[in-house]
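Below: the structure, in structure tokens.
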Amino acid sequence: MRSHYCGDVNRSHVGEEVTLVGWVNRSRDLGGVVFLDLRDREGVIQVVYDPDLPEVFDVASTLRSEFCVQVKGLVRARPDSQINDQMRTGEIEVLGKALTILNSAPALPINMDKNQHNTEEQRLKYRYLDLRRPEMAERIIFRSKVTSAVRRFLDGNGFLDIETPILTKATPEGARDYLVPSRTYKGQFFALPQSPQLFKQLLMMSGFDRYYQIVKCFRDEDLRADRQPEFTQIDIETSFMTSAQVMDKTEEMVRGLFKELLNVDLGEFPKMTFAEAMRRYGSDKPDLRNPLELVDVADLVKDVDFKVFQEPANDSEGRVAVLCVPGGASLSRKQLDEYGKYVNIYGAKGLAWMKVNELENGLEGIQSPVLKFLSEEVVKGILERTGAANGDLILFGADKANIVAEAMGALRLKVGEDFDLLQGDWKPLWVVDFPMFERTSDGGLHAMHHPFTAPSGITPAELEADPTAAISDAYDMVLNGCELGGGSVRIYDAEMQSAVFRILGINDEEAQEKFGFLLEALKYGTPPHAGLAFGLDRMVMLMTGASSIRDVMAFPKTTTAACPLTNAPGFANPVQLEELGVSVVEAKKEQE
């Protein structure tokens, strides 16, 4: 039905007859000539119909937006005065000779020109229309190019594309599982996989030493802009490779993606330890485009007569840190109060500040509500350590170290955006040397990555003796403040795996029930292995500049995990529930 895609026709086709199909992007009658913008997935081209062919002209005059049509005509160059540099096909147009309406369209329920006139609910309900818009089509096509390039790279490096089960067993991976009731085993449930973690480890034990899969994963968790109940991972696992080798290979892949698809040279990725990232940026996924850093001043304020500073400065679990904001002294009290409210969201009780007006005038050149509690020596020490200059603003965080990191890390990002401080387009890095475990709110321990991550250079006995001191052989790839992917060397010794389970409060009986197959498999010559998983949706979101992963997925869910297009989820047929042995305790349909 077509000879070319609309967006592929160019000056080299002048004088040729072409057959095009697509949708009417826009139609206008200007002085007895109909100009038709025809759109398909590759772009838009202008088609011209004049009255010399009255039957065709009359049909063209009836066209409206989103009619599906076939066009036949002659490619000709536009006059210089009519060249449109904003269109890929702007140097040419098609003189229409024939026109067939393949399907009509009623008045549209969404605006096809600018999505700011549509709510997200509207866009998702009429997703098949939304995806026709060029910016959306470009993102979906770009996503396809990413997966194609990933497959070429991994195939070329000896990786095997192997599928793993979707119906599997629930394992504790940090989020709630989506459960699927079994009809043949009443009262028992499959779980949709949060990741293929255990199966890809089993593949290493099976001798397939280089595996990959572009795979759907499922997590029943609270959603935000970069989370979905179902998402896609680029999942990679290798045997007989160290963490450094895995990092080198996957970095090579990502650098190749950016060069091939964006013509961007990322350069070699720097490495930073978890401890350094938290100390300098308050985050284990720092955005290095932002030049602001947290500066510790606890030693300077530990003796001041101000409990807000003094107590955390003398607490082994506390921290006092500051941000120095260039030019920030111009902020009003109201603006500073807004920043105070912002850090409240992250658990901070308040935000002390200090304006540097005239350094040369000592304390008289400093403005701060807490200045009366600080000696000239303390103020001088803070100014010297931060490198503050006239016109700068110093913001204080003082609390438990984790609260200071979270609140001041978030404030750092907000201030960086507000003051337009971001430098450069792309700043990747590796974050390494994560703690094996972190404390939970009830005082227990939780695996910082997952329970199958190997510790670095430690025996099972040493790990159990002091688990909070253990460092994992794990690594995260971070780009512009987003975690692109994370991975680790895996535990390949049954004794070490059992030790980790015990530390996490999983006794031997529970471990056998949930992970007996893994512990058994570990006994049979399991090779050293390591891997990494990339979030494909997030990667494409960053590479395309989209504001949400929903804009790079064909059919995403809303932030309430619903699909307005299909009205999923829905109520099950009572007969089906009876067959499954499932009864609904309570179901309340939300009122529209």
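Placement of Cβ uses the backbone N, Cα and C atoms for every residue, glycine included.
Lifted from Swiss-Prot, the feature list:
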BINDING   GLU173, ARG219, HIS449, ARG490  L-aspartate binding site
REGION    197-200  region 'Aspartate'
BINDING   ARG219, ASP220, GLU221, GLN228, GLU483, GLY535, LEU536, ASP537, ARG538  ATP binding site
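Structural mapping of features recorded in Swiss-Prot.
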residue	record	DSSP class
ARG219	L-aspartate binding site	coil
HIS449	L-aspartate binding site	coil
GLU483	ATP binding site	strand
ARG490	L-aspartate binding site	strand
LEU536	ATP binding site	helix
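Of all the binding-site residues in the list ARG219, HIS449, ARG490, the shortest Cα-Cα distance to LEU536 (ATP binding site) is found for ARG219. Looking only at the region 'Aspartate' (197-200), the predicted model's pLDDT averages out at 97. In sequence order, ALA175, ARG176, ARG227, PRO229 are the residues near GLU221 (ATP binding site), counting only same-chain partners six or more apart with C-beta under 8 A. Across the binding-site residues listed here (ARG219, HIS449, ARG490, ARG538), the residue whose Cβ sits among the most other Cβ atoms within 10 Å is ARG490. Counting every protein chain shown, the Cβ of GLU483 (ATP binding site) has 16 other Cβ atoms within 10 Å. In terms of DSSP helix, strand and coil, the region 'Aspartate' (197-200) has 4 helix, 0 strand, 0 coil.
Put simply, ARG538 (ATP binding site) is 24 Å from ARG490 (L-aspartate binding site) when counted between their Cα atoms.
Of all Cβ atoms in the protein chains displayed, 24 besides its own lie within 10 Å of the Cβ of LEU536 (ATP binding site).
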